[in-house]
Each structure stands twice: as C-alpha cells, then as structure tokens.
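According to TrEMBL, the features are:
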| type | residues | note |
| --- | --- | --- |
| BINDING | A:CYS122, A:CYS125, A:CYS162, A:CYS165 | Zn(2+) binding site |
There are 2 protein chains.
Amino acid sequence: MPEPLEPEPLESVPAAFAPHDHRACETRVLDEAADRLAELGGRLTPVRRRTLEILLESHRAMGAYEVLDRLATEGFGRQPPVAYRALEFLVEHGLAHRLQRLNAFAACLHPGRDHAPAFLICRACDALAELPAAPVRAALADLAADTGFIIERATIEAVGLCPVCVKAAA
Amino acid sequence: MPEPLEPEPLESVPAAFAPHDHRACETRVLDEAADRLAELGGRLTPVRRRTLEILLESHRAMGAYEVLDRLATEGFGRQPPVAYRALEFLVEHGLAHRLQRLNAFAACLHPGRDHAPAFLICRACDALAELPAAPVRAALADLAADTGFIIERATIEAVGLCPVCVKAAA
DNA sequence: AATAGAAATGTAATAAGGTAACACGCGTTG
DNA sequence: CAACGCGTGTTACCTTATTACATTTCTATT
Ligand SMILES: [Zn+2]
Ligand SMILES: [Zn+2]
Ligand SMILES: [Zn+2]
Ligand SMILES: [Zn+2]
C-alpha cells in the first residue's frame, strides 16, 4: 500500500486533478449532505437530490440550463425555475457552490459548516478543484480592514491549467 | 494642513469610500489611459474614449447595457456589440475591469502594467474600490502551487459594506 | 493621389442566463 | 374539515452576451 496513512488530511493534489475512485466521492458527499440537512432542517426532495447527483457526476461546474436539460429528460419540470430553485437550495444549504466566472454551479465536496473555499478552474479540461482558502481570505480581510470595509462574502476563483493539462501541454 | 505629505502612497481609505475631488480622478485616469495606449499601440477612438469617460463618472461598476444606453443617446450605435466591443477593448488594454459578481464593468483607476487588484463592492451604495492585492494573490498562488495548478488569471471580489454605509447602519 | 488591406463601427438576429407571477398538489395542524 | 406552508410546475418576461454580416474609416504602400 502506497499511502494509506493519510485519509485525506491536506489533499495536496485535489481529487479533481487525479484519477480516483469517484464513486466514493459521490456516495460520501451524498451521505454528508443528508447529515447536514438533518441538522439544518432542509428537505432533500427528489429534484434536489437528483440535482446534487447530477452536479456530482463530474468534478466540473455545470450551467443551470445544462442541469435543467438533464432534469427535464428525467421527468422533472423543463422550465428554468425548476433548476434554479434546486440549485439555489443546494447553495443556500452549503451543498453546492456558484462559480461567478462561469455562471455555473458545482457540488460542494466538503459540505462542512461555513467553509469558504477558493476554486481552481482548468481552462483546458474544465476540471474544478475546491480548496480551503483560509490564508487567502485572511489576507483579503487584512486588506479590507485597513479601508474600513466589512466583507460579507468573497469570491476567489482562479483560471489556469491543472497539473494533468500542464503535462499534456509540455 | 492636515496631511498634505502623502499624495496617495498607500491610499488607506480608497477614494471610492470618501469624498474627494472626483474631477481629478477622471482627468488623471484619462491622461494615464492615453499614455498607456500610446505605448501599447491601441487607438482611443471616440466610442472607446466616451465609454471610458462614462465608466469614470462614478466609483461603481456599470452593466454593458447601461453603458450602451448612454452611448446610444449620445449618437453612437445602439446594438449590444457597440458597448461590448468598447468595453472589451478597455479591459484588454488594462483600462477597465470586469466584475464577475456583477456582470459589470468599471474603469481601472490605476492603469499601470500588469496590476491585478482585488475589488470591494458595497452592497448598500454600490461603491467599488480597487485594491492592490499582491499579498492575497501570493497566498492564492501558494495554495495552487501545492496542487500543481498554474494560475493564469484570478478573480478576487468581496461584497460587503463600505465604511460610509457601516456608519450609516450603526 | 490612388488604392488595397486592416481596423473599426454599425445593424440584425439569436443564444444564454435569470426572475417574477401565478396555479396546483400535498402534508401538516388546529 | 379548513387553513396553512411548502414544494413543484407553468407562462411570460427580462437581462446579458455572441454570431454574422454590411459599411465606413484609417493606414500603408505604390
Ligand atoms: Zn471525485
Ligand atoms: Zn485540465
Ligand atoms: Zn485597475
Ligand atoms: Zn456603501
């Protein structure tokens, strides 16, 4: 066994950028989502659950209309609010994130309380990684504090090349 | 004289958040823009110049269609590409920024080479401040480097309350 | 000055993203 | 059984952005 010692403590190369047992990702997140909703009091109805599953199918962000198409072909409503409401619910409950650079959504891979990650978006393969961004946010908070500005929400998104595509380009 | 010693070295409270001689902002940026374009080889045509002036009228971000309305009433074209092309030109030449959170654009207040700022957006009064964000970007670069991801562009935008609106709320 | 090519501007048409307003069904709860 | 909240669905509409193409304006070269 190569490295069974660390379950996923710092996750130096995000799963999104490496081959992995993705089925495990999906079931883990779905389980955590159920737990989290039990605490918060939200209901994971069929549309909502299916929306989360669709987002979870790949480590990338999906547009609302792409999600909607999927939902529609699976027998749910085919009007925009169907997708937007489900996505909004997931975002509000910390189960998904909205990517500003892409006008798109992605499942949250770490549905813990009040985490506020940074995102790395590969422009070549669309892979999306979600990183704990405490130091970045701290630096930003410092900047803002000097000006008297009070930050409520911050968007930290980077576009570039993931390790796989860097290698491929070389 | 209270503090005439520092012209604007660190700009601890951004002009956007304080009363100031805004006419001076406008003329300074327009001058700098002309200089910068002379070096880069871009042409500040009438539409482009007017677009920049419109963005410069206030320290806030404007939607493309808001800009377009202004241009149209002033005798320029009234189709979306007119505004989008002018805005794109300004962004490409470092004279304006695109705000992802707002789907909007703002004049760059410091049109120096390769600066990559963070933005503070007041949700109450729409004021927009542009801050040098080197430390934040460094922190983000560190995170990304650990994963092997190569950052090409990063979006750092915060929404909250500016000092003025904080006071007003209290 | 003539003129060919590049750059800039304009239009029409359409795609993509997002929201408001309303009707229905269903499971509470008094 | 109301009365209610909530979730889901629909229609209609609004905002944002791009594609395609025609026309004009600059610029460079002869
Ligand atoms: Zn996975
Ligand atoms: Zn990639
Ligand atoms: Zn700037
Ligand atoms: Zn404010």
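Note: Cβ is positioned from N, Cα and C throughout, glycine not excepted.
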Looking at the binding-site residues A:CYS122, A:CYS125, the one with the fewest other Cβ atoms inside 10 Å is A:CYS125
Residues lining the Zn(2+) site besides A:CYS122, A:CYS125, A:CYS162, A:CYS165 (CB within 8 A of their CB center) are A:PHE17, A:ARG123, A:ALA124, A:ASP126, A:ALA127, A:LEU161, A:PRO163, A:VAL164, A:VAL166
Ranked by how many other Cβ atoms lie within 10 Å of their Cβ, the binding-site residues A:CYS162, A:CYS165 are led by A:CYS162
Per DSSP (three-state), A:CYS125 (Zn(2+) binding site) is coil
